[in-house]
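*Asks:* There's a structure below that I have some questions on.
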C-alpha cells in the first residue's frame, strides 16, 4: 500500500556536517601523539621512578582518557532544520496532541515568584490550541505567597493572552516584552503594561511583607484556598496542595476564548522521608498531570526559562508527529540560551559545549542528553520503556473536568509523600533518582532503555533564562553538578561499562565524558602546582627545546586548544568568549571540581551528605553593574576561592623565580616549558591578581582569603625548599 505521506513536503531535514572528516583525521594523529607521550612517561618511570614522574604520568593518563571520551562528540556532528509551515500537510490544528507544561520552583527567595509567573505566562501564550494546553507549577517551597502570585497571574492572563494573539507578539514573556524597544509597541500596550506593573507591585509587596492582606482576596473561594496554611504548615512538613487556578472548559479571556489550564501543585512532605529534590517534584507533576489532563506530550522547564518563540511546540511536533521518524523517539531537546550575558561571557554562562557543541555531536548518534529544561517528552517515556505501539491518534485525555472532586482527590493521592513506596518511580519510571544531576541521569537511562532523542536548535532561541553573574554561585553550581555526575559515573549503571554495552561505544564515551568530568580536577591541579614547584627547586621535568619531545608537547597543547577554539567559532561564538570558557574551565578544575570529588568521596564513606542547593535567580544591582563591565565578582570568603588564589600566587612566584634563573643563565632550555606553563596560568589568573591587589569595590577578593592563600603558598615553598627530592 502506498504511503499517504510520501508526496508531502518534509517536516525536517538532517545532514552530516562537512567538518566530520577533518575531526576524524585529527583524532587519529592526536591519538598517536598521546600514545607516544604515555610510552615515554612509562619508560622514564620504569628506569628512574620518582614521585614527580608518577604524578605527571597520572595527570597525562587522565587527560588522555578525558580527551578520548570527548571524541564521541566529533565523530558524527549533525545539522537539522525543521519546516513548521509543512505541518499542516500532516495534521490539522484540531488534532494536535495535548501538551502539559511542567514548571518547577523551590525557594521564593532564590527564585522570586514574579520570575516563575513570567515563565508560566509565556507558556500559556503559545501558538497552540488552548484546549490542548495545560501548565502545571510545582512549588517545592510550599509557599502561599507563590500561590497568591499565580492567582494574580491567572487574572492578568485573561488580558495578556488575547493581546499577544491579536498583535502576533513574538516575545510573550511580559517582563521581556515590556523591556523591549517601545517603537514595536501597539496602541493598547501601555494599558496592558500598567496592568502588569500593578500586578508586579502587588505580588512583590506581598512577598516582601510575608503576609497576604485580606483585601487582596476577590472572593471567598480564593480565601478558602489559603486555609490549608495553618501554623503547623512548614516547608518540610505539610500536606499536598493541588489548586486549579484556570480551567480550560470553564474560564474565558476577555474576548471569550477559552483559557489553558493552570494548576498549582505543592507535594506532601514529611520530616525524615526522602523527597529526591527536583526529580521527586517532577515525578509528582508527571503523575498529577496524568490524572488531570494526561497529554501525550510533556514539556519540562526550569522556573526562569521563559518562552522566546511562541511556535516552539510546533517545531517539536515536526519530529514527534513525523510518520517516518524512529518510533522510539522519546524526546526533543532544545538548547538552553541566556539573556543578559555580558560581552565576553566572563563566567562561561552560555555553556557552549553543553548546549551547542556536544548536542550536535550526539545528535548523529542516539541523540542528545537531557539538559534539565526545554525538553518535549512523549509521556510514555516515563512509563518504563519504549512503546511498541506508536502512532496512537487519541490524546487519552481525562474525560472529567480537572476541577472535579474525584479528579482532585486522585491528584492529591499521587502527591502523597509515601505514594512511591514499593513502586518503580525513580528507578524505572519517571525521572530517575540517585543523582543530584537528575536530568543527566534520566536522559542516560532513557537512552539505555532504547529511547532516541533529537536536538532542535532554531536560529531564534526557543527559551531564554538567566545565567549566574557571581563567580561563587557559578562555582557552587558546578560543584553540585560534579557530585551528581560522579554519582552516575561510579554507580552500577556507569556509562564506561553499562553504557558502552547498552548504547554503543560512541554514545557511551559521550556520557562517560560527563560522568567523569570532575576528574579533570586531578590533572589540572597537578599541572597548576607541580611543574611550578619543580621550577622553584630548579628541577626540569619537561624536554629541552632541542629534543623532539618538546614539539610533541607543543602539538598536544596547540592541537587541543585549536580544535576547541574552532568548535566555538563554528558554533557562532566569539574568540573572546572561547578564552573566557577555557579560563573558567581551569578555575573549575582547581576549585569546584576538586571540591565535588572530595565531597563525593566523603559521601561514599558516610562522613558527608551533600544536599541540593537551589541556584539563586536574584540579581544584585551592584553585582549586575560590575558584571556588565566584565569585572569578576569575588566579594565573599568562599572556600572555593582558596585553591584559585593559592595557584595564582604559586605560578606568579615560580615565574618570577624562573626569570631570575634566566638572568643567571641556569638551564633556560630545560625550564622553558615550565616557564611557558606558569606564564599561561598567570595570564588566565589576571582577574584574581586584580581582585587581590588593584580593586577596592565590594567585589574584590576578601583580605582574609588573600592572607590564607599567601600563607598556603609560602608553606608549599618552604616544604619544597627543605625537601631533598621532589
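Glycine residues also receive a Cβ, built from the backbone N, Cα and C atoms like all the rest.
The following feature annotations were taken from TrEMBL:
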ACT_SITE  140  active site
ACT_SITE  439  active site
BINDING   110, 111, 140  UDP-alpha-D-glucose binding site
BINDING   278, 302  Mn(2+) binding site
TRANSMEM  21-39  transmembrane segment
TRANSMEM  51-68  transmembrane segment
TRANSMEM  511-530  transmembrane segment
TRANSMEM  550-570  transmembrane segment
TRANSMEM  640-663  transmembrane segment
TRANSMEM  670-689  transmembrane segment
TRANSMEM  701-722  transmembrane segment
*Asks:* At least three Cβ pairs under 8 Å linking the transmembrane segment (701-722) and the transmembrane segment (51-68), pairs spaced 6 or more in sequence?
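*Replies:* The answer is no, given that the two segments have fewer than 3 Cβ pairs within the 8 Å cut-off.
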*Asks:* Among the recorded positions listed here (140, 278, 439), which has the Cα closest to the Cα of residue 111 (UDP-alpha-D-glucose binding site)?
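*Replies:* Comparing Cα positions, the closest of these recorded positions turns out to be 140.
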*Asks:* Are there any residues in the same chain, six or more apart in sequence, whose C-beta is under 8 angstroms from the C-beta of residue 140 (active site), and if so which?
*Replies:* 104, 105, 106, 107, 266, 267, 275, 278, 281
*Asks:* In whole Å, note down how far the CA of residue 302 (Mn(2+) binding site) lies from the CA of residue 110 (UDP-alpha-D-glucose binding site).
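*Replies:* Roughly 13 Å, rounded to the nearest whole number.
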*Asks:* Any residues 6+ beyond the ends of the transmembrane segment (640-663) with a Cβ under 8 Å from its own?
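*Replies:* Same-chain contacts beyond the flanks: 472, 475-476, 479, 525, 528-529, 532-533, 535-536, 538, 587, 590-592, 594-595, 634, 671, 674-675, 678-679, 681-682, 685, 688-689, 692, 701-702, 705-706, 708-710, 712-713, 716-717.
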*Asks:* Could you measure between residue 439 (active site) and residue 302 (Mn(2+) binding site) for me? Cα positions, answer in whole angstrom.
*Replies:* 11
*Asks:* Which sequence-distant residues neighbour the transmembrane segment (670-689)? Criterion: at least 6 residues beyond either end, Cβ under 8 Å.
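*Replies:* Same-chain contacts beyond the ends: 346, 527-528, 531-532, 534-535, 540-545, 550, 553, 582-583, 586, 631-632, 644-645, 647-648, 651-652, 654-655, 658, 661-662, 701.
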*Asks:* I want to check the contact list for residue 302 (Mn(2+) binding site): same chain, sequence separation of six or more, C-beta distance under 8 angstroms. What comes out?
*Replies:* 103, 104, 119, 372, 373, 465
*Asks:* Ten-angstrom check, please: count other Cβ atoms within 10 Å of the Cβ of residue 111 (UDP-alpha-D-glucose binding site), all chains counted.
*Replies:* 25
*Asks:* Mind checking which of 110, 278 has the fewest other CB atoms within 10 A of its CB? They're the binding-site residues.
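*Replies:* Lowest Cβ count within 10 Å among the binding-site residues (110, 278) is 110.
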